[in-house]
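Student: Residues or ranges marked as transmembrane segment by TrEMBL: 12-40, 60-80, 92-111, 147-167, 220-237, 249-270, 277-296, 302-325, 361-389, 446-468, 505-527, 629-647 (among others). The domain 'NADH:quinone oxidoreductase/Mrp antiporter transmembrane' feature in TrEMBL is assigned to 114-391.
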Amino acid sequence: MTNDTETSLYRTWLVSCSILTMMIALAGGALAVLALMGHVPSINSAWLLPIAGLHLKIDSISALFDLLTAAIGLPVAAYMGTYFSHHQVPKLTLGLMPTFLTAMLLVPMAATYFNLWFFWEIMALASAALVLTNYRSPQVRKAGLHYIVYTQVGFALILASTAVLNAKSSVGFLNEPSSHVAPLSSLVFVLSLLGFTSKAGLLPLNSWLPLAHPEAPTPVSALMSASMVNLGIYGIVRIDLVNPGHTWWGILMIIIGLSTATYGALHALISADIKRLLAYSTSENLGIVITALGTYELFRSTHFVILAELALAAAILHLIGHVLFKSLAFITSGRLIDEAGTRDIDHMGDMIHRTPLASAGYGIASLGATGLPLGAGFIGEWLLLQALIHTPPSAPTLLRVIMPIAVAILALTVGLKVAAMTKSFGIGVLSRPRDPCTTAINSGRLVIWIDTVIISVLALANLAFSALPSLASPLVRLFAEALLPQGVPTHIGLYITLSPLRGGISPLVIVIVVACATIAVGILVELRIRSNGRVKSGDLWNCGGGEPRIRMQYNSTSFAQPLETIFANALRLDEQTAASHADEDRLIVAAIVYERSRTDIVATMLHRFVGDSLDQCSRLVRRAHAGNVRLYTLYGAIGLLIILLVAR
């Protein structure tokens, strides 16, 4: 078979898979819209799947997550067609994309625990295979191995927790509250929280995320970061709805959420790989969502329904905002990487002139990731902050102690991620070119046109949501009614009112004021430059030094160095410097090589703990190997007795 024939077959298969993925996204979105309109699509078949049959149902909770997955699946499917046209991959990878999206859509639709396990595992295996697309690379194999181990550990935890709920349920349906699980409710919650948050990239099972996202193809990274991680949030919400719990559950969620948010923002700040930076940003933003859900759980269990409603609205809006800006960030970063020929921010530069649209889109996404006004992530974080600071004096002492601490940590997180995203956009996009010899990937006109449409649509969606979060008001209302039927939904319109609390905000007014101020400042600066005739002057004492050279710019390491020094104990950076000397004189330094490595302290501690625990268990098991047949017979009898007790 000639190369032209192979190329033609590859393109045909690529277009077919891309169109199929878009059709799946459209179908999933249509079903979600039907559910939100009051219809409840469902499928019940005893023969489509073995053992337990196929049972699917879409309610308002699953509809929200399916709608978000479908909304991002559509542009990612189109981007898949352009990206893989110049990044050729095995045909199996292309075929797994629609499988991956289908599994993500079916997870929230699963009406029984068995169906949830089945589709969750398909999603995990498909995503693992996609991460291993370029399996010949050692880094990819390492990332894939980490991801497979962590996703299976998470699945084991989910299986253990939901198996208890399934055993205590009369029919095994997810939407059936179980009152018989009360003695084990806390155990079920902890196992579920650890299992589902492992998929969301939260501590302590999060070390796979900064490894897998950078090594996966960019369309896969976009789907994983903007859609797949949300299903971890879905699992927590669904299990909490089935198994409502205690006050300390909310406290645990807040601790995990804030720890993850701060940890993710800090590591994003010191990351030079643009995709790894975005992966840590995903971990940080999902940490904020879990913090909001924990705040909701805490206020609900202490009967502060209004504040619980406010925290729930914050979680939903931040989740929507994250889907929008993170999908835009990964797609535009893919274009920047193709243009620069590297993922390293230190070797990028001048992207604003080389690819203006992608640079502008990445700027909009970066603004959303900072949580500042004009960004898609602002309104969710603002509502969470209002819920935290409005803790009433009549609240229990524990709440009045926790909430100010949470406000302080949230403020620290926002500061760190503002610095991280400023670094990625300022140094990677706005700086002077560091490697002018790099060659960009040549794309055809059709590819450029499709990418332009995708980036433009996502950028406009981000801007629209940041100015008019009221567009998501129906989703917030329906979701809140499912979880808090007795609550009073937060009014989200052109002006967000925190009634009966004191406070309110108008995102549209903020956007207009800041935009006008920015334009005015830009005009004044331009007029000042023109009035000076663009004459450059220098100080007399500067000895004619002239303009700084390109290599004298800030890079990502130097930009983050002050904060790295402050948080050195948490980052565990290992720096090494080696000098080489000239042959003619050992006193003359010819070159200096600076190397640095970073240790994930949480993953290191977790791996050490697991290793030590397994070592202790193996020693105990070794003692039981006495070589006595009667003793082994006793072991078998005890095992049989346990099986009979569990199965009765």
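Cβ coordinates come from backbone N, Cα and C, glycine included.
Because TrEMBL annotations are produced automatically, they should be read as predictions rather than curated entries.
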Student: Are there three or more C-beta pairs under 8 angstroms joining the transmembrane segment (60-80) and the transmembrane segment (92-111), sequence spacing 6 or more?
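Tutor: The answer is yes, given that the two segments have at least 3 Cβ pairs within the 8 Å cut-off.
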Student: Using Cβ atoms and a strict cutoff of less than 8 Å, what residues sit near the transmembrane segment (446-468) while being 6 or more residues removed from its termini?
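Tutor: Long-range Cβ neighbours of the transmembrane segment (446-468): 75, 78-79, 81-82, 85-86, 320-321, 324-325, 327-328, 331-332, 335, 357-358, 360-361, 364-365, 368, 373-376, 378-379, 494, 507-508, 511.
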Student: Output the single range from 12-40, 277-296, 361-389 maximising the number of Cβ pairs under 8 Å to the transmembrane segment (220-237).
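Tutor: Comparing 12-40, 277-296, 361-389: 277-296 has the most Cβ pairs near the transmembrane segment (220-237).
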